[in-house]
């Protein structure tokens, strides 16, 4: 774990802070120098920031809440079993699931289920393609002083892959923007925690238990949460790798390395002259896997309890998103720890994007339908 400098004490519900002593780390961060690789990276970041400004007049990308679906390619296991591809992407907003069924007389037929979302990504779309249409428009919003939240449901790779995950791409663009004169008064801080069975644990501080409380202004404060000041993507990756090794995973019938917790990585922009002043915040959330009872197989009581808590929190999140989408003034934040912690992400100057990743394999049809029904508003 990288060393910290500065105070690490926490009081009055405020987050602990520190800076990482890592050496120069420029490379993939905003301040790298020298070499054609650095130049091409700078050109790419410049291209992305130009794309950011181009989205300002694109109302579709700047909605208060967007729900997107990503069809992943058939994996090796599905290909080895010659599973049929059951997902037809009809347009950038529509897809159909072709569910194989059997009548009472044992004759086979196909039932079609059609869904409409804000955006549908094909299996040929890369993480960068997904990023440019989901998280990238939110980067500008954070620099304008807003709060942005990006959820990933169904596949950790989309959000937290260390090479091309959405948080890496967003952080790279954020550090590029921090080199611009107009944002030279800001610094970036990172925190990383998980919600496991309704309790909060700091993934950057030996899984220390945390507590979420509302202050006098009804803002949620996470007591004792450790923050690190970071100056490059390399530093972020080091912090992230350390935290990921502390995350709760387990084995289920559907997945040998299933995420049993909701992981929340937050990058906060603060004023250099007053670190208590927050300019903007970007939260990246990898939601825990929701296995059906049949997927759990011969599981123990612990796994069943985990599944029950996960399903409860996912349902509460859906209810909050639905209420937000309908423009309701009262949002049911208190139904779960997940929605309570994310309260600030839904109210005021905020933008939210959810990305649900689904399998096209026939063997995962029920899972895919459940995921799409969950994401469907």
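Each Cβ is built from the backbone N, Cα and C atoms, and glycine gets one as well.
Here TrEMBL gives region 'Disordered' for one range in the set 1-45, 46-90: that range is 1-45. Averaged across the domain 'Kinesin motor' (64-377), pLDDT in this predicted model comes to 88.
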